[in-house]
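If you check Swiss-Prot, you get these features:
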{"type": "DOMAIN", "residues": "60-165", "note": "domain 'THUMP'"}
{"type": "BINDING", "residues": "Leu183, Leu184, His208, Phe209, Arg265, Gly287, Gln296", "note": "ATP binding site"}
Amino acid sequence: MTYEYILVRYGEMTTKGKNRSKFVSTLKDNVKFKLKKFPNIKIDATHDRMYIQLNGEDHEAVSERLKDVFGIHKFNLAMKVPSELEDIKKGALAAFLQVKGDVKTFKITVHRSYKHFPMRTMELLPEIGGHILENTEDITVDVHNPDVNVRVEIRSGYSYIMCDERMGAGGLPVGVGGKVMVLLSGGIDSPVAAYLTMKRGVSVEAVHFHSPPFTSERAKQKVIDLAQELTKYCKRVTLHLVPFTEVQKTINKEIPSSYSMTVMRRMMMRITERIAEERNALAITTGESLGQVASQTLDSMHTINEVTNYPVIRPLITMDKLEIIKIAEEIGTYDISIRPYEDCCTVFTPASPATKPKREKANRFEAKYDFTPLIDEAVANKETMVLQTVEVVAEEEKFEELF
């Protein structure tokens, strides 16, 4: 007897009201996309739960893809048996025996959705538990802190048996919360900010500023690799590569060095806002953490925010560096981020940047030079690419080869 189903629990989505069907539909669509490489799978999404019928597909491979889908709280590997006592007992034992690791204790949990089942819950517990005890060695019951919880859901005609419970990514399905533009620098912080934004159900497009020849092709590839890594958590990431050399050279020449960092960030915001308007995005996300560097003080953020009417989302604002690194390691972006290639933020770095820049001064310095043509040129010459999960791209290429 093998696992035939995966039962998915929604978590936070269950708090939604009239628009819950939209959340469920989006999650189902995202799951179907992530499981494209498993053609035999069938998915049924109800108001409270999602049922994935494996039809012979490898449950471990499917589980590995499911764990990165936002909107899933937990999921269980399940066996489906007839709602007859002997079948339930055999199924419970089979599921228990498939649990890996050092198992010494267990308990039985029974949920009778089908109230006409001839036995009550308190009668079923010793029957099922006793069958497991009779057919195993050195195993005891522990109802308070068991190594394994054998869950039985009894329905009309059939029952689900579950032992293996796994955590999902949590959050909300990507796509239910609109779209934002993420400033993706290539450092540790901004990919984590993108990940946390997606976790709230928001689609992301990334904007990266590069300044050749001061930044290398390897630095550019590093950002492409980061965007590629983020596709594990969504359908695709659109990456906009913005040429920033002329803007930076002009800032370095025309703006006092203490304000060059502030003005550079303001130019980035202006350009990103223009791209956001083109792409129908509703906000801008950055990887700023309060007080981490000179451009991330409250005074700096206040001055930088002046140039955009878009909401600026800062998911990392109260995190320290170790907290951010921990998430980066967990999501697979850390090793890419620490590749030793410079980005445009490290080019022309001033010796003493202003930590409390004033809006009035920034505006006065910028007024001495017309940056509008440079902004227009940067937006017009951006390079845009769409990145998808490697497995999905491979499947699509394989399909195209048939024609």
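Including glycine, each Cβ sits where the backbone N, Cα and C put it.
Keep in mind that this is a model prediction, so the values were computed, not measured.
Recorded features from Swiss-Prot, shown on the structure.
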residue: Leu183; record: ATP binding site; CB count, 10 Å: 24
residue: Leu184; record: ATP binding site; CB count, 10 Å: 29
residue: His208; record: ATP binding site; CB count, 10 Å: 27
residue: Phe209; record: ATP binding site; CB count, 10 Å: 28
residue: Arg265; record: ATP binding site; CB count, 10 Å: 24
residue: Gly287; record: ATP binding site; CB count, 10 Å: 25
residue: Gln296; record: ATP binding site; CB count, 10 Å: 21
For ATP, with binders Leu183, Leu184, His208, Phe209, Arg265, Gly287, Gln296, what's the maximum Cα separation in whole Å? 18
Grouping DSSP H, G, I as helix and E, B as strand, the residues of the domain 'THUMP' (60-165) number 34 helix, 34 strand, 38 coil
On average, what pLDDT score does this prediction assign to the domain 'THUMP' (60-165)? 95
What DSSP gives for His208 (ATP binding site), in three states, is strand
